[in-house]
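Data first, discussion second: the structure below is written as structure tokens.
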Amino acid sequence: GVVETQEHYKSRWRSIWIMYLTMFLSSVGFSIVIMSVWPYLQKIDPTADASFLGWIIASYSIGQMVASPLFGLWSNHRPRREPLVISTAISAAANCLYAYVHVPHSHNKYYMLTARALVGFGAGNVAVVRSYIAGATSLTERTSAMANTSACQAVGFILGPVFQTCFTLIGEEGVTWKFLCLQLNMYTAPVLFGALLGVINIILIFAIFREHRVDDMGRQYKSINSDGEGSDALDQNTEGSIDHVAVVALNILFFVILFVFAVFETIATPLTMDMYSWTRKEAVFYNGIILSVIGIESVIVFMVVKTLSKKTGERAILHAGLLIVLVGFFILLPWGKKLPNIQWQEIKNNSFPRTAPSEMLVPFWSFPDLQLPSNHTAEPVGCPVTQSWCLNTPMIYLAQYISSDVLIGLGYPVCNVMSYTLYSKVLGPKPQGVYMGWLTASGSGARILGPVFVSQIYTHLGPRWAFSLICGVVVVSLLLLEIVYKRLIAFSVRYGRMQE
């Protein structure tokens, strides 16, 4: 490796900043429409029900799960710019498709499903982003760069709904341009804005992004994907095999971390409606505030973790993060004597659509605002009798719920960054595209299964079962971390080229 020039250093960090931006935009692409998917779906296709909405929400993660390993493989063998530009273009095109799903005369809900799945497919590029950042940073820079990447992703998730809220000012009707068949309204404006951001991102990738690779010490080598020269310098450094036990363990841990968070997000609305007799509107509003606060909390945590990990090392912090999450869910277990208010009034002749368990598949932000028939002045609130556990499970106090929110909001971002950082260090100097693809895919899988788990266990067995099982899963993952703890070390350290 060659010692790095000032020019190379600047160019390398400019490219990394473009990767941060790509990460931010891909998560904005996910969250910018989440709150409006359900009303838009009802507007374009009255045949769609709440369980179909569950599929539309999940389709993004399914698309990402399929695409991540593919884009990762592509980025290992070709210049990274190719998969980055193509994936961003797919997302932008899919966003435009989403703006036009009202045009066809039938099957509109399937066009919408396809659009969201393709946006998710394009978001498979986060595997390329993470593998690029892993290859373009030295070991000492890595934790900080990974934390910044996760922070950009978190900020994207927080700002998406904020953008959406601003676009509601346009209203449901908005402006119609006949010659383009385009309706610009509160449902289509956000995605078109997302598509515009995608185009800007592509321009920046062409203008500023360059291929850079440095070894664990930070010495530069010629990129293997650019011209095949300079690969001999690389070979001496990459001798030795990757520790696959550590790789699999980290994939499992990452799956658990994202699964637990997806469950937590999904359960917020139904749980607060059952326990505190909140209406749908109140539940969406209050939980929206709580989640924004958690988002801000997590961005602060990302920044603190960067300095903290230099003192204690990543493994200890991952361990602490999992313990905090465990305590967070343990607090949620129902204690005490007081039962929640029961929603007795069963509505005659089904004039009021009951919240079916399938609706629980939907994360809280997209909870349907059901229209009430005029003969009912108020929507029934409290714990529905159809969930038999409501009659004998003590309520979870608001203080319990808020404390648990704070703890999970602290533990989750810690675990997220540390698992990515450890993973990239364990993999070492070889191109990490495919491996990062698998990690991203296991995260997407968790985001699909989490809501399904909640809808079944919580609805049928209640919070005591749901949260006990989650605690069990976290305990098992802590044991797994104990077992592989000694193996979670950087590739260079494992082969004695560097000291910890």
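Backbone N, Cα and C atoms are what each Cβ position is placed from, and that goes for glycine too.
Quick look at what TrEMBL lists:
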- 15-489: domain 'Major facilitator superfamily (MFS) profile' (DOMAIN)
- 17-40: transmembrane segment (TRANSMEM)
- 52-72: transmembrane segment (TRANSMEM)
- 84-101: transmembrane segment (TRANSMEM)
- 113-133: transmembrane segment (TRANSMEM)
- 154-171: transmembrane segment (TRANSMEM)
- 191-209: transmembrane segment (TRANSMEM)
- 245-264: transmembrane segment (TRANSMEM)
- 284-305: transmembrane segment (TRANSMEM)
- 317-336: transmembrane segment (TRANSMEM)
- 401-423: transmembrane segment (TRANSMEM)
- 435-459: transmembrane segment (TRANSMEM)
- 465-485: transmembrane segment (TRANSMEM)
Checklist entry - So which residues does the transmembrane segment (17-40) touch in its own chain, when a touch means Cβ under 8 Å and the partner is 6 or more beyond its ends? => result 53, 56-57, 60, 84, 88, 91, 95, 98, 112, 116, 119-120, 122-123, 125-126, 129, 132-133, 148-149, 152-161, 163-165, 168, 186-187, 190-191, 193-194, 197-198, 201, 204-205, 208-209, 362-363, 365-369
Item to check | Most Cβ pairs under 8 Å with the transmembrane segment (317-336), selected from 113-133, 245-264, 401-423, 435-459, 465-485 | outcome: 401-423
Item to check | Contact between the transmembrane segment (284-305) and the transmembrane segment (401-423) (3 or more Cβ pairs under 8 Å, separation 6+) | outcome: yes
Item to check | Interface present between the transmembrane segment (245-264) and the transmembrane segment (435-459) (three or more C-beta pairs under 8 A) | outcome: yes
Item to check | Close approaches to the transmembrane segment (401-423) from elsewhere in its chain (Cβ under 8 angstroms; 6 or more beyond its ends) | outcome: 130, 142-143, 146-147, 149-150, 154, 247, 250, 253-254, 257-258, 260-261, 264, 271-272, 275, 290, 293-294, 297-299, 301-302, 305, 309, 314-315, 317-318, 320-325, 327-329, 331-332, 435-436, 439, 488
Checklist outcome for this item: Under 8 Å Cβ-Cβ from the transmembrane segment (245-264), and at least six residues away from its ends along the same chain, one finds 318, 322, 325, 329, 363, 408, 412, 415-416, 419-420, 422-423, 426-427, 435, 438-439, 442-443, 445-447, 449-451, 453-454, 466, 470, 473-474, 477, 480-481, 483-484, 487-488
